[in-house]
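Residues or ranges marked as disulfide bond by Swiss-Prot: 47-65, 55-469, 68-94, 471-494, 499-528, 511-526, 553-567, 561-572, 574-583, 585-609, 601-612, 634-661 (among others). Swiss-Prot lists 46-95 with the feature domain 'PSI'. Marked as domain 'VWFA' by Swiss-Prot: 146-384. What Swiss-Prot lists as domain 'I-EGF 3' is 548-584, and the listing cites sequence analysis. Residues annotated as domain 'I-EGF 4' in Swiss-Prot, with sequence analysis given as evidence: 585-625. Annotated N-linked glycosylation site per Swiss-Prot: 233, 402, 421, 431, 456, 648, in sequence order. Residues or ranges marked as transmembrane segment in Swiss-Prot (evidence: sequence analysis): 684-703.
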């Protein structure tokens with residue numbers, strides 16, 4: 001155990017009193033002293049003023065707190081004085097070898113490394129609350145991966161032309177992919193939608209042929225059918241595609257996500273290889289149903305994310321919901337599958353918007369009859385192998401990961417953002433920082449997985465939580481048990497035979513804070529005059545009288561003490577760097593409340609999460625600096641009055657005006673009589689009357705002019721037919737009366753009609 005402090009075999013904690021006196025012990029003590037020389041005053045006061053009454057509580061306060069286990073240390077004083085930074089404990093007289101101070105270790109086994117792309121494959125970290133550990137993860141892409149490409153095609157009627165194009169893509173695509181892979185395989189599957197109403201027509205005449213509107217013979221609708229497993233035989237792939245018939249449904253969205261999840265999790269059916277780069281090509285021209293859409297058909301059972309293929313047919317299509325985007329993303333990442341959405345038409349942008357929610361996916365727009373399908377696949381694959389991103393899975397409660405990518409060009413990006421334009425000769429580094437704010441309920445040894453998206457290798461991070469002390473682990477005997485029982489409900493219970501006689505006679509004595517309070521606050525049992533607190537599902541109950549707990553503190557955004565502190569006696573005890581009644585505010589936020597004079601909120605308010613809340617209702621402004629009606633408003637700004645008349649002022653005063661009085665508002669004062677004459681109501685009445693009269697008169701004139709103009713045009717149009725009475729000659733009108741007579745004769749008879757001229761006043765008639 002001594003060697004762990006010197007960087008030799010790792011140990012769970014530094015326990016100096018377990019080492020024998022000698023050079024090793026001296027070096028160990030020197031290491032502890034050098035470790036704590038740089039501690040700040042904030043941690044010093046935090047450890048010393050924490051009122052921690054057990055070693056575990058002390059170590060949970062922060063990475064710099066230590067606990068003195070020496071029996072004679074501060075004899076007669078409060079137990080909380082045993083908790084402090086190591087340098088203070090030593091100065092108070094605690095022997096160096098009696099200080100509990102867990103250390104942080106990162107161990108990377110050099111032997112048995114099997115990974116070739118992601119190294120190291122395993123990392124072992126020992127953490128304590130508030131501490132952080134750091135290591136580098138290296139990712140080196142291979143030059144030529146084996147590639148498994150599975151075509152998942154929407155075979156609804158609108159995709160008829162695109163399916164015909166698939167008959168000829170096999171050989172051409174295989175030739176193009178040979179440049180990137182020496183081992184290329186193809187597979188094929190089809191999907192439509194759930195085979196229930198309202199997604200398909202259940203009319204007896206259309207149940208087996210949904211394409212009657214297209215005058216086509218279609219196969220029955222189906223949720224997902226696995227047609228061909230991954231194979232190197234391109235001819236077999238083309239034959240399977242050639243035999244494929246289209247199907248149909250009646251609503252616009254399809255069941256694509258349902259089929260994608262089955263293609264991802266049914267590894268043995270599809271034939272996914274562990275060592276291959278797995279590509280899932282989804283061809284469609286419509287959107288896909290999302291989770292909860294199935295409720296329209298009365299399907300309410302959530303998707304369980306498991307494989308349900310029977311005879312290559314998805315048999316749970318009509319009984320389970322569509323998967324959610326989060327569930328689909330999880331299954332794709334777990335199975336190292338990259339998705340290429342090949343979309344035709346206006347729905348391309350719908351899939352493009354989903355890319356941030358589905359890591360490792362690419363969307364491309366296919367042309368009419370899928371003319372550019374092969375080029376789309378090749379370009380998408382080039383982009384996928386040139387991107388390196390990681391994701392942390394199986395997070396341990398209370399343990400957080402911060403990942404920063406160091407790209408080959410020197411750029412630093414967040415882990416989820418990753419690096420682009422990476423070649424097979426490049427190496428991408430990821431700086432991984434692991435922190436533990438508090439110990440999880442499970443405790444012990446846990447692990448997390450760092451998984452590069454689309455890679456078949458991972459890095460497993462073993463996390464050992466140093467949340468206890470050796471003094472507690474080696475505790476034994478009645479005396480130790482009685483000493484620790486009130487402080488830790490996990491302490492073994494004392495046997496009745498170990499109790500002193502006087503304690504056995506009054507078992508509840510010492511288990512009440514006051515006589516009128518229940519035994520152990522009603523949340524524990526009294527054993528040997530000491531409270532043993534109950535274990536509760538809500539959290540931990542502790543304290544001498546079980547009066548404290550870690551679950552009755554305020555919540556912030558659904559987390560107890562915002563996840564940045566621990567609950568003690570109903571109050572949040574914030575971790576280092578956080579403050580507030582719910583530990584919701586960073587400590588550094590207080591600097592945003594300081595004005596130019598160094599005052600917090602100008603002395604008129606309090607700083608809450610980096611924002612000033614003015615306590616004086618008359619104060620306004622970001623720093624509560626404006627208070628026009630405050631008694632001190634004039635005295636505070638009196639020196640700025642002379643800045644309003646800058647004539648004959650010295651340069652020093654002018655400089656002061658520019659700096660200190662630049663924000664002063666200069667009000668504009670208008671000189672006016674204090675008394676105003678009463679308005680003349682009679683004058684206002686006449687003005688309104690005259691204006692109204694003139695407007696009405698104007699309307700009448702306009703209407704009159706329109707009527708005259710209309711009459712004039714009417715008279716003019718009838719003047720052509722007016723007969724002048726001055727003419728002596730009578731007007732002779734020529735009238736013509738015709739009648740068509742048809743005779744069936746070989747030689748029609750000629751008829752002569754003589755139309756005489758009639759006077760205008762005579763009546764004209766035709767007699768036949």
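Using N, Cα and C of the backbone, Cβ positions are placed for all residues, glycine too.
Overlay of Swiss-Prot annotations on the structure.
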residue: 47; record: disulfide bond; DSSP (3 states): helix
residue: 65; record: disulfide bond; DSSP (3 states): strand
residue: 94; record: disulfide bond; DSSP (3 states): coil
residue: 233; record: N-linked glycosylation site; DSSP (3 states): coil
residue: 456; record: N-linked glycosylation site; DSSP (3 states): coil
residue: 572; record: disulfide bond; DSSP (3 states): strand
residue: 609; record: disulfide bond; DSSP (3 states): coil
residue: 634; record: disulfide bond; DSSP (3 states): helix
residue: 661; record: disulfide bond; DSSP (3 states): coil
Out of 65, 68, 601, 609, the disulfide-bonded residues in the record, which is closest to residue 511 (disulfide bond) when you go by Cα distance?
68
For a quick check of understanding: among the disulfide-bonded residues 47, 65, which residue's Cβ has the most other Cβ atoms within 10 Å?
65
When a 10 Å sphere is centred on the Cβ of residue 68 (disulfide bond), how many other Cβ atoms does it contain?
25
Spatially, which candidate from the disulfide-bonded residues 469, 572, 583, 601, 612 is nearest to residue 634 (disulfide bond), comparing Cα atoms?
601
Where else in the chain does the transmembrane segment (684-703) make close Cβ contacts, counting only residues six or more beyond its ends and a cut-off under 8 Å?
none
PLDDT averaged over every residue in the domain 'I-EGF 4' (585-625):
81
Students should find that the Cβ of residue 585 (disulfide bond) has, within 10 Å, a number of other Cβ atoms equal to 21
List only the single closest residue to residue 65 (disulfide bond), chosen from the disulfide-bonded residues 528, 553, 567 by CA-CA distance.
567
When distances run from the Cα of residue 572 (disulfide bond) to each of the disulfide-bonded residues 526, 528, 601, the nearest one:
601
Is residue 561 (disulfide bond) helix, strand or coil when read with DSSP?
helix
Around residue 402 (N-linked glycosylation site), how many other C-beta atoms are within 10 angstroms of its C-beta?
14
Cα within 10 Å of residue 567 (disulfide bond) - qualifying disulfide-bonded residues among 526, 528, 561, 574:
561, 574
Take the C-alpha atoms of residue 402 (N-linked glycosylation site) and residue 233 (N-linked glycosylation site) and report the distance between them in angstrom, rounded.
45
Can you tell which of the disulfide-bonded residues 55, 469, 609, 661 lies nearest to residue 528 (disulfide bond) in space, using Cα positions?
55
These are the disulfide-bonded residues: 94, 526, 561, 612. Which one scores highest on other Cβ atoms within 10 Å?
561
Taking every protein chain in this structure into account, which of the disulfide-bonded residues 55, 609, 634, 661 has the most other Cβ atoms within 10 Å of its Cβ?
55
Other C-beta atoms within 10 angstroms of the C-beta of residue 456 (N-linked glycosylation site) total 19
